[in-house]
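Participant: Take a look at what TrEMBL says about it:
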MOTIF     2-30  motif 'Q motif'
DOMAIN    2-30  domain 'DEAD-box RNA helicase Q'
DOMAIN    34-205  domain 'Helicase ATP-binding'
DOMAIN    225-376  domain 'Helicase C-terminal'
COMPBIAS  526-537  compositional bias 'Basic and acidic residues'
REGION    526-611  region 'Disordered'
COMPBIAS  546-570  compositional bias 'Basic and acidic residues'
Amino acid sequence: MNKFELLGLNDALLQAIKDMGFESPSEVQEKAIPILLQEDTDMVALAQTGTGKTAAFGFPLIQKIDVNSRKTQGLILSPTRELCLQITNELKNYSKYFKGLNTVAIYGGASITDQAAQIKKGAQIIVATPGRMQDMVNRRLVDISAIQYCILDEADEMLNMGFYEDITEILSHTPKEKSTWLFSATMPKEVSTIAKKFMRTPVEITVGTKNMGTSNVSHEYYVVNARDRYAALKRLSDANPDIFSVVFCRTKRDTQKVAEQLIEDGYNAAALHGDLSQNQRDLVMKSFRARQIQMLVATDVAARGIDVDDITHVINYQLPDEIETYTHRSGRTGRAGKSGVSMVIVSKSEARKIKGIERIIGQAFERKDIPDGREICEVQLFHLANEISKTEINHEIDKYLPSIAELFEGLTKEELLKKFFSVEFTRFFNYYNNAQDLNAKGSTEVYEDEGDSTRFFINVGAKDDFDWMSLKDFLKATLDLGRDDVNRVEVKDSFSFFNVDSSKAEEVIKIFQDFKHNGRHINVEITKKSAGKERSGGRKGGGGFKGRDKGERSFDKPSRSGDKGRRRSSDAPTGGRRRSSDAGSGGRQGKKSGGRSSSIESSIKRRRSKK
Ligand code: ADP
Ligand code: MG
């Protein structure tokens, strides 16, 4: 027996659940669904973003609706248009085997007449944003006088956005005898006020700890000089070639500025803020969902309720004014059981705010260094190698092979590989060759300097089922080191980095000299000088990565490696860029184009595996 069956759901729902590929209920679903099915009760359910709250109220709601009546029986209020559409979509999926069940979305920025017409046809469930709902109630375009179920979804965000009055107003038009279900990620004062005011002895369900940040999100911060913020952002992106991120800025102006700069520098970026029209915002979100945008630069208000799975990184380009807002930002990643990273770029004077955030999220931050040029080149090189090795051969090439082969006659495999990789690598190398150290010098007030440690490269990564924790454990065991002796473990797809105290560096190399793990040869190398030395002694020496790059900001980019959208790149070699501004970002189109930006990667068919 499947675990969903045990919750008391009927066959029509179980079939839909099976179709969607859900294997077992999440914790909030397991706790909420049986109660909501069996009793007519009010409920307050607290669970992190991405824990499956929609189904936790959606399944019981659908099962309880009387499809033979065309009356509106259930009302779901949700903070944003995006969420509203997302919930409606989910509910339609859940209820596909319920003949005659209609779910209608009501939200601002679209024709009110169309929405009213849809309601008139009969909508047992309405999913609405508070503003538009109130408008329609006032104009008597909806009748919610007989609803039995009222759901306040993402209640904390609705209140954050100032919908308290609208909600109160809407609820005053609903019958006293009904069940109210409140779902929220956090429980600030305002939410308990609402609960007290509108609910009668609600059943309380809490998943995880109240107010905690999502626990599969790791939190990192980077200390830079304020003028290096933008350059740092680019490095963080370049060091994570598969990044799919939301970048938070404090103001609309900064949001627009950073997005424009990124687009100009060749990244797949776009802006999302309140000065864009609804239509423009829709286009941006559509491109983002389709992964045509890798970096969505957004204000807090515009990003509320962004409900996109698989976001790999949240980047706090600037910290929010209210540190409580940080939880909402970081909750955009690490959804649906996946892991995510929330990065904060701070100046020295802001660094002490980190402690305050740690208290709120109940989780520690890790201080990290902005990667240097060499590290980024390495990451990009191995990323490319990995992509190439995964690429399926396109046999359309076969017929051209003889002439191509002629061109490379007499080259050894090694020479050929070197040439091949130089196409991409040289671009990054040239760009980062003179890149300066962006990490702010001197100690900050938050944490002690790391001291004299050595950074290592190791040729195992996520592909070998390591995450930073398991790799750290593996290293600690293998090297016979203590809890704090291995640090700054950073796991990439097919390789990783870690730091060990420099006094033990030789030993590390020795231990890994002839080492096999699961039958595979493990290769460990020193990548760069100690972080401690860099910080006190100024710029690094050696390796050709020395000196200063004045032009990092305006310098022609190393173009973004592509994304899914690049598949269509045959008709648009610099496609990612153009699409970004088409998508209504309002950003200028990149001026620099042509030869240098065409990359090997853009011609590789990229398949980003979703799971
Ligand atoms: P929340 O509202 O708590 O932020 P959602 O309801 O939006 O989270 O769910 C997040 C994602 O997880 C959605 O893509 C949803 O389809 C998926 N999901 C929900 N429940 C399950 C489940 N039991 N098994 C697998 N995936 C699920
Ligand atoms: Mg939700």
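Each residue, glycine too, has its Cβ placed from N, Cα and C.
Just tell me what is around each of these and how deep it sits.
Facilitator: The average pLDDT for the motif 'Q motif' (2-30) in the predicted structure is 93.
Proximity of distant same-chain residues to the domain 'DEAD-box RNA helicase Q' (2-30), defined by a Cβ-Cβ separation under 8 Å and at least 6 residues beyond the stretch ends, is recorded for 37-38, 45, 47, 51-53, 55-56, 59, 62-63, 93-98, 205, 207.
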Participant: Residue counts in helix (H, G, I), strand (E, B) and coil for the motif 'Q motif' (2-30), per DSSP?
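Facilitator: Across the motif 'Q motif' (2-30), the residues distribute as 17 helix, 0 strand, 12 coil.
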